[in-house]
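Data block below; observations after.
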Amino acid sequence: MATTSIAGPRLTSLKTAAGKLGYREICHVRQWAPVHSPMPHFGMLRCGSRRPFATSSSTVVQAQAQATAAEQSTGEEEAVPKVESPVVVVTGASRGIGKAIALSLGKAGCKVLVNYARSAKEAEQVSKQIEAYGGQAITFGGDVSKEADVDAMMKTAVDAWGTIDVVVNNAGITRDTLLIRMKKSQWDEVIDLNLTGVFLCTQAATKIMMKKRKGRIINIASVVGLIGNIGQANYAAAKAGVIGFSKTAAREGASRNINVNVVCPGFIASDMTAKLGEDMEKKILGTIPLGRYGQPEDVAGLVEFLALSPAASYITGQAFTIDGGIAI
């Protein structure tokens, strides 16, 4: 298998066996051809009875006709094309929750575009893990708060795989400080990436999904968007905005069979929580009824259900908390 590398937001072109794909972002593309096992042919039919039976010419003709029909039926079944793997775009997928989501969907058989802003090496490792599962992945560097980057990202997925079935908007940052000390630049940074980025990605994906009258969008917000948190006025505002925005997007997309839902994590184990002192951790865990941190895989499991399960086809416009009970 050959791997073709392309570079970040200054692109060149991507060569594949099918030809050339041109775009302006840098990415790394890997594709594993799925293994197709043809259905086995049935051999001669055997009668389970040992009793002798008479055979007439009409019976022989009838049996031959049935055998021919069975062979044709088997051939038709073999000719049925394999269901295509869903194409998924996951933003902020180089680490933490985004990484867990990308790996979960890749393991489930999806073709995954792994978006990152600065962590190219980590994103590349995520793609390699997806490939190890037998999947396909594109690693794409881009800032989701910039419209040109978002358009190039969506084009990359469509050029590589023909469509986009699922988008998971996970990219986000924090710039924590008390409200009275918060600089406008700290406010703007968080709103631009955490809210405007979701708007741009959802808008771009919806245009593609509306044409095929099908799609699923999962936006990662936070329990902070529901209950607030000291020192996170900017973050809480952005995540509350994501929830309201997603409900409107769900109403507008419903007529085209586009489901839009929100996942609101609470305290999830991360590099940051690992560095907290014992006293701080004790205080945090005291606010969680289940008394422990969630794991990135907990969030990924819920996202996978909303993204892929037929049982989630009638769910839209909902905000799901996965927080150990903080928002009860």
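Each Cβ is built from the backbone N, Cα and C atoms, and glycine gets one as well.
Secondary structure from DSSP puts Tyr235 (active site, proton acceptor) in a helix. The feature active site, proton acceptor is assigned by Swiss-Prot to Tyr235.
Long-range neighbours of Gly106 (NADP(+) binding site) (same chain, six or more residues apart, CB within less than 8 Å of its CB): Val112, Gln129, Ile130, Tyr133, Gly135, Ala137. Taken from Swiss-Prot, the feature NADP(+) binding site covers 90-114, and the record attributes it to similarity to another entry.
A coil conformation is recorded for Ser222 (substrate binding site) in the three-state DSSP classification, outside any helix or strand. Its own atom aside, the Cβ of Ser222 (substrate binding site) has 27 Cβ atoms within 10 angstroms in the protein chains shown. Residues or ranges marked as substrate binding site in Swiss-Prot (evidence: similarity to another entry): Ser222.
Taken from Swiss-Prot, the feature transit peptide covers 1-66, and the record attributes it to sequence analysis.
Around the Cβ of Val90 (NADP(+) binding site), the number of neighbouring Cβ atoms within 10 Å comes to 33. With a cut-off of 8 Å between CB atoms and residues at least 6 apart in sequence, the same chain places Thr174, Arg175, Asp176, Val190, Asn194, Ser222, Val224, Asn229 near Tyr235 (active site, proton acceptor), listed in sequence order. For Ser94 (NADP(+) binding site), the same-chain residues 6+ apart in sequence whose C-beta sits under 8 angstroms from its C-beta are Val114, Tyr116, Ser119, Ala120, Glu122, Ala123, Val126. Non-local neighbourhood of Ala102 (NADP(+) binding site): Val88, Val90, Ala93, Val112, Val114, Val126, Ile130, Ala137, each in the same chain, at least six residues away, with C-beta under 8 Å from its C-beta. In the three-state DSSP classification, Val114 (NADP(+) binding site) falls within a strand.
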